[in-house]
Every structure is written in structure tokens, then in C-alpha cells.
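Enquirer: As annotated in TrEMBL:
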type	residues	note
ACT_SITE	E80	active site, proton acceptor
ACT_SITE	K179	active site, proton donor
ACT_SITE	C212	active site, nucleophile
DOMAIN	31-307	domain 'CN hydrolase'
SIGNAL	1-22	signal peptide
Amino acid sequence: MLPSRPLLLTGVLALVVLQALASDTFIAAVYEHAVILPEPTEEPVSPNDALALMNKNMDVLEGATKEAAQQGAHIIVTPEDGIYGWQFTRESIYPYLEDIPDPEVNWIPCTDPSRFGPAPVQERLSCMARNNSIYVVANIGDKKLCNSSDPGCPSDGRYQYNTDVVFDPEGKLVARYHKYNLFRSETQFNYPKEPEAVTFETPFGKFGIFTCFDILFHEPAIVLVSKMQVDTVLFPTAWMNVLPFLTAVEFHSAWAMGMRVNLLSANTHNINFSMTGSGLFTPEGPAAYHYDSGTEEGRLLIAELSAQPRLSPTYPPAINWSLYATSIKTFPGENDTFSGFVRRDIFTFSELRHKAGNYTVCQGDLCCHLVYHMSDKRKNEVYVLGVFDGLHGSLIKYHWQICTLLKCKSTDRDTCGQPVEMAQTEFEMFSLSGTFGTNYVFPEVLYSGVQLAPGEFEVLRDGRLENKHGTSKPLITATLFGRLYEKDPPHPLRS
């Protein structure tokens with residue numbers, strides 16, 4: 001059906017206005033929130049008690065929003081589970097849910113709160129955006145009634161979705177996203193029947209949105225960037241850090257660089273669950289980030305970002321991730337290998353026995369190559385070159401190809417791959433590459449103390465990850481994360 005002429009003219013006018021207001025940069029904020037959690041219970045609390053808990057969290061988020069707006073921020077992203085927490089059953093989360101309509105309804109909850117039934121959370125978020133003239137991104141729960149004519153309808157007669165919402169500076173609902181890749185413990189929610197590629201236009205670029213575990217999968221994460229061509233991804237998350245590779249700041253920064261897109265990552269903060277790590281990540285590296293595993297405090301991060309990074313003169317070129325590694329023969333020298341675990345994944349490792357050297361280690365279809373020179377070969381620290389080519393995950397599996405220069409936890413080689421946060425060894429140079437079977441490769445360097453290394457390394461167009469002028473701090477790991485989405489097995493839970 002063709003749009004009517006008035007609708008067509010309205011759409012053209014809106015596009016003209018956006019283009020007229022377009023800016024080369026914008027100021028973005030993310031807030032890492034120490035969520036006030038409800039008391040664990042399998043029984044539903046009253047709606048009033050649920051709202052009281054959510055208002056306590058929204059009090060904190062509103063304070064962060066006001067501060068961000070006062071500092072000129074155009075948008076603020078808040079975390080997944082940031083309004084009501086986690087550890088719910090399907091029944092106990094129900095009082096926290098609201099019916100969230102499709103944004104096409106053109107609704108401002110702040111001025112018309114009862115249009116779709118009780119919606120106090122959406123009303124408050126809308127007013128938060130409207131009163132501060134800022135885009136507000138939040139994670140809440142959506143409920144949708146269904147009946148027996150729908151073969152997928154749950155026995156309790158409703159769908160429940162982990163949901164992101166976006167309100168524009170007028171308080172209008174402009175985006176709603178239902179999380180497609182639920183983490184294994186999210187049994188309180190339903191899987192959407194189809195993945196959603198949610199985008200919306202702003203005066204500072206085209207935005208997309210997804211949630212936490214979604215970042216590891218082709219849909220919707222790759223679709224938004226590669227097919228929908230978004231400039232910036234909004235990313236509410238509740239990320240539990242897993243050293244040595246899957247810390248929030250490490251992988252989220254790597255993903256932004258590998259996909260060459262802005263990623264606004266807002267994490268929950270709970271040190272008992274190893275949750276910390278938020279940032280404003282760009283194709284060139286982090287503009288701002290925060291990692292704090294020692295205190296219980298939240299943190300607001302603000303930075304100016306390129307609105308359309310693809311048009312920036314510093315936009316990184318496309319990388320042929322296997323060009324260099326497939327062009328060389330196996331390096332000579334010591335190459336005895338051993339197996340070690342990184343959680344459940346069996347890596348092939350080779351110990352770096354000398355101050356400098358060339359190494360090649362292979363597993364499956366992936367060979368990793370390393371040239372390095374340590375500033376000082378310490379007897380009390382062991383480093384390895386590691387490779388993994390296979391399925392990762394317990395219940396929900398997905399295919400990784402990983403090349404890594406990695407510090408072991410101790411001089412015992414059996415500790416290689418175990419979590420480690422501190423190191424003493426610096427490198428004068430290193431060059432890491434691999435024969436990746438994918439163009440989706442994400443690079444990052446992690447220093448001692450779980451610190452990133454912005455501006456201190458580069459990826460050459462032939463796929464080599466190299467440091468520029470030596471490492472300024474001791475190294476924990478330098479890693480290339482490759483994802484072979486086409487080798488992922490079918491999802492075991494999604495119906």
C-alpha cells in the first residue's frame with residue numbers, strides 16, 4: 001500500500017528538518033548504575049511495592065540524566081535491568097511489567113500517561129527526557145496478552161519481553177526493542193518470534209539498539225551495522241566480567257573497533273556478580289570508559305563523538321583479517337604446544353620462552369602468528385601465544401576463532417587461561433595475526449589492572465594487530481576475537 005500524500009509530505013518534511021539540524025558531532029552519556037535490588041522471592045509483590053522499588057532506581061537515573069543534560073549531553077543510555085534488577089521467576093517479575101506500544105502510535109506518556117492503560121514507568125521516563133530535553137534510553141519489561149489461537153501463547157496467556165525503550169527530547173516513545181538473544185538464566189522472559197532490527201533517525205545520525213547477549217550474535221547486532229548502516233548502537237547491558245577475554249570494556253571496545261561504529265555501552269554495577277565496565281566506544285577506540293571492581297558506586301560517563309563516523313577522516317579502513325597470516329609460512333623456532341582451558345574452551349598454547357621471538361600456533365582451521373620483543377623477560381611471569389577455533393558456551397553455543405597473546409596466572413602452565421588482572425611485563429613490540437575465516441574480527445589490548453590501551457595499537461590493513469611504540473603498561477592480553485556466525489548451531493531454546 002502506498003502512503004497517502006499528507007503522510008508522504010510529513011515524512012519528507014521530517015527528513016529535511018533532520019538534515020537541516022544535522023551536526024558532525026554529538027555529546028553522549030552512559031550511566032553505570034548500582035541497581036537497588038528487590039528482596040528475592042518467588043511470589044509476586046504488589047504493584048505498589050514493585051513501583052516503589054522501581055521509583056528508587058529511577059530517582060538515581062533521573063539524577064544522572066539531569067547531570068548529563070546540564071553538561072550538554074544529547075542522549076543518555078542506562079543499563080539493562082537498571083530499573084528493577086534480576087533474579088526473578090516468570091511470576092514474580094509480572095508486577096514490574098507494563099504494556100509498551102509500538103512507537104508508531106506517536107505517544108508522549110508524560111502528557112498522556114493513561115492512553116494505553118497504567119504506565120507509570122513509561123510516564124516517568126518520558127518526563128525525564130522531556131524535562132531535560134535529552135534522549136533517554138532505558139531497559140524495562142513488556143507484557144503482551146495472547147490467546148489460544150496463537151500456537152506459541154504461553155499457558156498464562158501472556159508474552160513477557162526484556163525490552164529497551166527510547167524517548168526523544170519531547171518525551172515521545174521513538175523506539176522499542178525486544179531482546180532476541182536471552183541469557184540462559186532469563187527464564188522470566190519469552191523469545192520474540194522474529195529478530196527485530198530497530199533503528200531511528202536523530203539530528204546526529206542513525207541509531208540502532210540491542211541488549212547485552214545480543215552483541216555476540218549475527219542477529220540483530222551484525223544486521224544493524226552491516227545492513228541497516230547505523231552510525232551508533234545503543235547498548236544497555238548487565239555484563240558479568242569473565243577474564244581473560246570477556247570483560248565488558250575489553251570486548252565492547254573491540255566490537256566497536258571491529259564493526260567500525262559507535263557503541264554506547266551502559267552496564268549495571270554489582271561487584272558481587274562481577275558486573276562493571278561501561279563506555280563510549282568508537283571505531284578508533286574508547287572515548288571514555290569505566291571499570292571498577294572495588295566499590296559499589298555508579299558512574300556517569302560523557303564524551304563528544306562523531307555523529308557519522310563513516311564520514312570522519314580518521315575512520316579506519318576495511319581490514320582483510322587473514323591477508324598477512326595466510327601469506328607467510330610457519331615461523332621457525334621453538335613451537336612445542338600444550339593444551340589449556342579458558343573456562344570450558346580448550347586452547348592450544350605455546351609458551352614464550354625467550355625475550356623475543358616468532359611463533360605460530362594452530363588449531364582447526366586457524367593459525368595464529370606472533371612476533372614479539374619483551375622489555376624484560378621476568379622469571380616470575382609466563383606468557384603464551386594461544387589459539388581457539390570452535391564452539392564456545394554451555395547451553396547456547398556459538399563459534400569463536402581467537403588468537404591471543406596472554407599472561408598466565410602463575411609460572412605453572414596449568415594456570416594459563418585462568419583469570420588474571422595484574423602483570424609486570426611490558427613489551428617493546430608485538431605483532432599478532434591469524435588465518436581467520438571471517439571478516440568479523442574484533443581487536444583489543446588489555447593492560448594490567450583491566451585497563452584499555454587507547455591509541456597505543458593499530459590494526460594494519462593486512463590484519464596485523466601491532467603496538468605502536470611499545471606498551472606503556474604491563475600487558476595482560478592482546479587478542480583478536482573472530483566470529484564465524486555461519487557455523488553457529490541452531491539455538492536450543494528459541495521456538
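Each residue, glycine too, has its Cβ placed from N, Cα and C.
Predicted automatically and left uncurated, TrEMBL annotations should be read as such.
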Enquirer: Can you give me the average pLDDT across the domain 'CN hydrolase' (31-307), rounded to a whole number?
Expert: 97
Enquirer: To the nearest whole angstrom, what is the C-alpha distance linking E80 (active site, proton acceptor) and C212 (active site, nucleophile)?
Expert: 7
Enquirer: Pop the Cα-Cα gap between the residue listed as 'active site, proton donor' and C212 (active site, nucleophile) into the table, whole Å please.
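Expert: If we compare the Cα positions of C212 (active site, nucleophile) and the residue listed as 'active site, proton donor', the gap is 8 Å.
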Enquirer: Can you check which residues sit near K179 (active site, proton donor), meaning Cβ under 8 Å from its Cβ, same chain, 6 or more apart in sequence, and list them in order?
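Expert: For K179 (active site, proton donor), the qualifying residues are Y161, N162, T163, D164, E186, F189, P192, F210, T211, C212, F213, D214.
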